[in-house]
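Lifted from TrEMBL, the feature list:
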REGION    1-37  region 'Disordered'
COMPBIAS  1-22  compositional bias 'Basic and acidic residues'
TRANSMEM  109-126  transmembrane segment
TRANSMEM  153-171  transmembrane segment
TRANSMEM  178-200  transmembrane segment
TRANSMEM  206-232  transmembrane segment
TRANSMEM  244-266  transmembrane segment
TRANSMEM  320-342  transmembrane segment
Amino acid sequence: LQESESENKLDGETASDSESKSEFGGSPPVPTSDDTPEVLNRALSNLSSRWKNWWVRGILTLAMITFFFIIIYLGPMVLMMIVMCVQIKCFHEIITIGYNVYHSYDLPWFRTLSWYFLLCVNYFFYGETVTDYFFTLVQREEPLRILSKYHRFISFALYLTGFCMFVLSLVKKHYRLQFYMFGWTHVTLLIVVTQSHLIIHNLFEGMIWFIVPISCVICNDIMAYMFGFFFGRTPLIKLSPKKTWEGFIGGFFATVLFGLLLSYVMSGYRCFTCPVEFNNDTNSFTVDCEPSELFQLQEYNIPLVLQSVVGWKTVRMYPFQIHSIALSTFASLIGPFGGFFASGFKRAFKIKDFANTIPGHGGIMDRFDCQYLMATFVNVYIASFIRGPNPSKLIQQFLTLRPDQQLHIFNTLKAHLVDKGMLGSLDDA
């Protein structure tokens with residue numbers, strides 16, 4: 001009997017999971033339907049399911065790439081709005097899975113509190129961004145200045161209100177499930193909202209830091225699928241049976257090459273390399289600047305081992321291309337683990353996709369599982385190896401101080417420069 005019972009359990013299910021079933025009402029799979037457009041179904045009706053899926057994924061991938069180029073053309077403001085819409089949709093898909101799988105229909109205030117916490121977290125993160133990147137605008141407008149000054153206190157008060165509402169909503173016989181869903185909501189916020197906000201931070205560093213990482217993940221996903229489809233023989237990981245070593249390795253080399261080429265093209269355009277800044281005179285975003293050393297062609301010596309192979313002694317390239325190798329390598333070797341994590345999550349709840357929003361691809365979260373991990377890496381990479389003190393932001397903050405504070409900083413800076421020998425003595429001044 002014990003052996004029979006263990007065989008009937010779901011993958012990875014433990015005794016505690018079985019006990020939870022009685023309280024949660026079981027964990028049936030979330031149904032998914034074939035939402036492929038009827039036009040494609042008729043056009044591809046003579047093909048096998050394998051090749052039909054290949055064409056559906058290919059056509060819709062091209063459509064999504066086209067849409068990606070369109071929103072890039074529309075500028076950073078539209079990109080931020082798209083990122084926020086994607087974030088909300090991903091949050092909705094994950095919350096809905098918890099809502100359906102664990103039969104949370106009778107839990108009071110569950111959905112309301114989930115969306116309320118989403119609002120609180122977004123208010124906190126976007127408030128931090130506005131204060132950081134639009135400092136002069138915030139200081140110029142009285143209501144914004146007050147909100148900025150007490151932003152963290154207001155954010156904490158909003159969250160505390162939701163916390164108290166959750167405690168008051170606790171119902172006998174549902175305690176365990178309610179705390180489970182409370183944790184589900186917060187983990188979802190951590191995965192989706194926090195990392196989507198990092199995408200916006202990367203965008204403000206320059207469009208190239210937004211486009212290249214996202215494009216590398218897209219390229220790796222496509223090329224790994226192509227290499228795996230045509231040459232795949234060796235399974236890569238049990239969580240994703242269709243993934244193969246051939247696709248994984250082929251996708252890696254293709255993505256590194258793609259990253260180098262894309263970086264070379266984009267590094268020559270200021271609209272991609274300049275940080276996105278807010279112009280107080282025109283009240284609009286600007287991306288015009290003098291390119292930094294990262295985006296100026298430099299000559300590099302080729303290692304002696306490779307000189308005999310390529311026949312060159314030196315090569316001219318942008319320093320950013322070297323950084324692009326790190327970005328594309330992460331997108332190829334570590335980024336897929338975001339997809340493996342999502343696959344494990346879906347297997348845990350016996351679902352095929354997070355949703356059926358995109359035919360052949362699943363939900364929005366199915367397309368962004370690797371992007372969120374990539375966004376975190378890019379943000380950490382910029383903070384660790386790229387970003388330095390921003391003089392313009394320091395001057396903006398300096399000008400908002402009281403005159404006596406400004407004078408104190410001026411005298412301190414002047415004394416420091418005298419000690420460094422960059423100014424004459426204080427007596428001469």
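Here the Cβ of each residue, glycine as well, is placed from N, Cα and C on the backbone.
Note that TrEMBL annotation is computational and uncurated.
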How about the transmembrane segment (206-232) and the transmembrane segment (153-171): do they have 3 or more C-beta pairs under 8 A, pairs 6 or more apart in sequence?
-> no
Spatial neighbours of the transmembrane segment (320-342) far in sequence, C-beta under 8 Å, 6+ residues away = 208, 212-213, 216-217, 219-221, 224, 237, 239-240, 243, 248, 251-252, 255-256, 258-260, 262-264, 267, 273, 294-295, 354, 365-366, 369-374, 377-378, 381, 385-386
Report, as numbers and ranges, which residues of the same chain sit near the transmembrane segment (153-171): CB under 8 Å and 6 or more residues beyond its ends.
-> 107-109, 113, 116-117, 119-120, 123-124, 127, 147, 178, 182
